[in-house]
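Here is the structure we will look at, set down as structure tokens.
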Amino acid sequence: MATSQRKILVTSALPYANGPIHLGHMLEYIQTDIWSRYQKLRGHECHYICADDAHGTPIMLKAQQLGIAPEDMIAQVNKEHQQDFADFNVAFDNYHSTHSEENRLMASDIYLKLRDNGYIKSKSISQLFDPEKSMFLPDRFVKGTCPKCKSPDQYGDNCDSCGATYSPTELINPKSAVSGATPVMKDTEHFFFDLPAFEGMLKEWTRSGALQVEMANKLDEWFEQGLQQWDITRDAPYFGFEIPDAPGKYFYVWLDAPIGYMGSFKNLCAKRPELSFDEFWGKDSTAEVYHFIGKDIVYFHSLFWPAMLHGSGYRQPNSVYAHGYVTVNGAKMSKSKGTFIKARTYLDHLDPEYLRYYYAAKLSSRIDDLDLNLEDFAQRVNSDLVGKLVNLASRTAGFITKRFDGKLAKINDTTLTEAFLAKQDVIADFYESREYGKAMREIMALADIANGFVADAAPWQMVKHDDQQEAAHQVCSNALNLFRILVTYLKPVLPRLAQDVEAFFQLPLTWDALSQDLAGHEIAPFKAMMQRVELDKVNAMVADSKDNLQVTADAPKTAAPEKTAKASSVSSEPLVDDPISETINFDDFAKIDLRIARIVKAEHVADADKLLKLQLDIGGETRQVFAGIKSAYSPEDLEGKLTVMVANLAPRKMRFGMSEGMVLAAGPGGSDLWILEPHEGAQPGMRVK
């Protein structure tokens with residue numbers, strides 16, 4: 001049990017109920033689920049809630065196109081969403097819908113409190129009207145040129161290019177997204193939330209540590225531009241909640257969508273009477289509330305939402321955590337343009353635990369975009385999960401079952417166990433701070449140590465000798481205990497694997513039991529727990545989504561260059577572009593001392609366009625090397641990897657420092673570079689022969 005139990009409510013942004021979940025969505029739900037599972041693993045009371053965002057004109061119009069009622073459409077989508085999440089092992093404590101009685105009552109409650117407190121203003125405005133469809137046009141159904149940055153083809157509420165928010169009437173050359181007609185102006189009465197009244201409170205809250213620094217800095221730009229009153233009204237016809245005392249007027253979807261967090265929790269409280277809504281949402285609540293969101297909805301969650309809560313007498317969230325976008329092989333994912341892999345398409349071909357681990361290995365607390373590079377995905381999963389983690393058990397468990405009655409020995413030398421347990425606080429801190437990539441590197445470094453221990457001891461040789469049976473029993477028991485610790489550390493990321501390992505050990509994996517003595521404990525016969533990623537399955541998934549995986553000009557200009565599985569810039573005949581060099585004799589080759597090296601640390605070099613500074617462990621000695629691979633790798637992607645270096649190259653003094661060798665890489669250059677990565681059995685310091 002954790003030292004002091006916390007009460008935590010955690011949410012992910014609500015997926016829109018007009019289409020399927022894709023892998024861009026899944027980043028957020030996997031990120032949040034890992035954090036929620038970690039909190040529960042530490043013994044905290046943590047509730048992970050979500051819901052479908054089920055209102056708005058897009059849903060109304062799509063239902064019309066399908067010839068069904070909006071209620072029927074969102075019910076079907078809700079069912080599909082929940083199935084996708086369940087199959088990805090995302091464990092919500094409650095999944096609801098914003099089109100619910102709980103949410104209607106909460107939205108009305110908050111609106112009426114804001115109105116009674118003087119924060120709702122009414123005024124007549126000129127609204128864009130589609131003369132062909134005889135309907136007012138919601139902001140998402142007007143497209144034109146952004147009035148701020150002049151980017152074309154932007155929606156009527158905010159710009160995807162610069163992030164600015166504005167009124168649809170401010171768009172340059174607006175067009176109806178419904179009919180294509182040029183809209184006309186028509187007067188209508190709307191209600192506005194007085195956001196400027198909360199400027200002082202918001203400036204204090206956004207700098208209180210509730211937001212990432214990058215988010216807080218962005219909000220400062222909006223403060224400088226001046227906060228505007230927020231139109232919370234949409235005219236009929238509209239699928240949503242009617243505003244109290246205002247027939248024909250409806251809440252804008254972005255008013256009742258975040259309230260959906262509260263509505264979903266209300267629904268959970270009704271199912272579990274021991275829960276108190278006010279204990280988590282009351283103004284004086286000491287519970288913790290955290291929102292995980294994408295960087296595209298920062299404005300709504302960091303300005304409108306806390307102001308609405310404050311103005312209606314509820315508490316603000318402790319933190320709002322934003323993440324970046326997902327790209328696939330360097331291409332921007334866009335649902336509107338169809339460049340996405342559906343969650344169900346992935347599940348039809350690949351194990352969801354693969355993606356959970358890959359996302360975790362690349363996630364940090366920053367708001368960086370994350371590239372799902374399918375080649376790297378396959379290599380990393382096969383190397384880390386199959387080659388290192390599961391391999392540790394598969395190569396030792398059989399000896400315990402066949403030769404030692406399935407019972408573990410009392411471990412005499414606990415040096416390795418103590419070293420593994422000593423990392424629990426570091427790994428815990430990384431989970432808590434959402435630095436999952438760093439946690440995965442720590443865990444895989446331990447897996448390397450464990451595999452090195454088994455390789456050096458070679459129990460498969462020991463069991464051939466009568467006088468080494470006890471030693472073999474010790475080695476295999478030690479290895480399996482280390483495996484148990486590793487999988488416990490990974491339980492928030494790999495819940496299905498953890499479940500299989502619990503069945504194998506015939507006991508639960510808990511953080512409190514990390515140091516448990518398993519002497520004499522009986523294990524079950526080992527069964528295969530994870531298969532390698534097969535490229536034919538990856539290719540089949542790509543084929544099913546082939547229209548979504550083309551690298552186009554839509555790739556984000558600010559994203560770091562990524563390596564693609566089949567980069568068009570790489571020649572199909574490398575020998576044509578780079579012929580084999582002149583023949584050398586064996587004595588010349590023998591002078592080159594190639595060694596396995598682990599990249600302990602990688603970092604950018606100030607004022608260097610191409611270089612990364614690497615600290616390399618070559619087995620008892622550390623070398624500093626400057627490598628020209630900055631265009632192809634980010635530092636966090638390199639740390640923990642094994643590679644090959646020229647160890648006897650004369651040190652070279654550079655203006656950035658001394659370079660004590662060279663790492664080997666293949667490719668024509670630029671983003672098309674791949675460092676050499678040896679098989680997982682290789683160890684730092686080994687000579688390459």
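Yeah, the Cβs are placed from backbone N, Cα and C, and that goes for glycine too.
Swiss-Prot assigns the feature motif ''HIGH' region' to residues 15-25, out of the candidate ranges 15-25, 125-135, 279-289, 312-322. As stated in Swiss-Prot, the feature motif ''KMSKS' region' covers range 332-336 out of the listed 187-191, 332-336, 402-406, 657-661.
Each of the binding-site residues CYS146, CYS149, CYS159, CYS162 was assessed for Cβ neighbours inside 10 Å, and the highest tally belongs to CYS146. What surrounds the Zn(2+) site, by Cβ distance within 8 Å of the Cβ centroid and not counting CYS146, CYS149, CYS159, CYS162, is the set PRO147, LYS148, LYS150, SER151, GLN154, ASP160, SER161, GLY163, ALA164 from the same chain. Helix, strand and coil residue tallies for the domain 'tRNA-binding' (588-689), in that order: 7 helix, 46 strand, 49 coil [DSSP].
In the three-state DSSP scheme, CYS149 (Zn(2+) binding site) falls into the coil class.
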